[in-house]
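Residues annotated as S-adenosyl-L-methionine binding site in Swiss-Prot: 124, 149, 176. What Swiss-Prot lists as substrate binding site is 232, and the listing cites sequence analysis.
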């Protein structure tokens, strides 16, 4: 991670510090850990935070992961900020020109990606080695393709192939495919592929394909678009088939041991062992003219008045756990009566770290809002109650 170390006796800074397109607005001091602070900064329209940690013999100054920037811009920001200190050491050298420039999307940048790509897209969830995904993109050069994966080595391997093959229509997102679909607008997918997911026969609630997932898939698929499940696990196939048969929004197509043009490494292994492979293709009929979607969920805050006394009570709030979501106030930072609240919150499947700024009678998420899912919205409403102290007044701190 880009950072630098500075001497403790470095001169105090005067804010705001403006250098070109960079502005370091002010420094918020932690009310929980006196050795920590956050520097509120911006580059053009991008807002970010720097962490400043006082140690035994130096300051450590680095990026705050909850407010990400492109790596080279972040390094430039730290290089500029370091000019106001007596630097002991750093790792802020410019990257090699030969370094890979292709990066994975994340859940925080996904909404921007969807807004820029209005045409229906092809999605593969859990692409593993990436063989099927790469061929999908090669065979559909004018269609935007998206691979969703949580396994970092698989993502790195796919990104390398994308760069080598110059596949400009293929993008990779690191995240939970269930949450990605839930946050998407209606009728934005042409096809969704789920090939050889972990069957989770002993923990079925962890499966990708559930009743909720199927409903979301049918919502985001355009009419006659399809979700394709390919699996070697008969129980997983049978349970998925039962889910599809109960849903009146779709029609299904079943195949067994079908030959397909692209065979994954996993499938090739089972073919050698003569193991059965099942295909379940679920077509969206598009019967629901106004399907419910989460894309319009409101993550703004009502007006909140806060002072040091109420901040102390909020900071002492224990983690509040509800069914499927939670809110944890991790820390609060202060600067002349304005407050920066550090949070861990949201859906249990993919919790996020966020910062909320309370300044000049305004309350808003700094840098990014939570992904627009139902559980994240419930967590947002709970946070609204915590900050306005409604949840504190009700004494609802018990874990459910």
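FYI, residue positions are counted from 1 along the chain as it appears here.
Every residue gets a Cβ built from N, Cα and C, even glycine.
The Cβ of residue 124 (S-adenosyl-L-methionine binding site) has 25 other Cβ atoms within 10 Å, all protein chains considered. Highlighted in sequence order, 125, 126, 127, 147, 148, 150, 173, 175, 177, 180 have their Cβ within 8 Å of the centre of the Cβ atoms of 124, 149, 176, the residues recorded for S-adenosyl-L-methionine, and are not part of that set.
Around the Cβ of residue 232 (substrate binding site), a 10 Å sphere holds 18 further Cβ atoms from the protein chains shown. If you count neighbouring Cβ atoms within 10 Å for each of the binding-site residues 149, 176, the highest count belongs to 149. Residue annotation for S-adenosyl-L-methionine gives 124, 149, 176. The furthest Cα pair among them is separated by 12 Å. Recorded residues residue 176 (S-adenosyl-L-methionine binding site) and residue 232 (substrate binding site) have their alpha carbons 22 Å apart, per Cα-Cα distance. According to DSSP, residue 124 (S-adenosyl-L-methionine binding site) is assigned to a strand segment.
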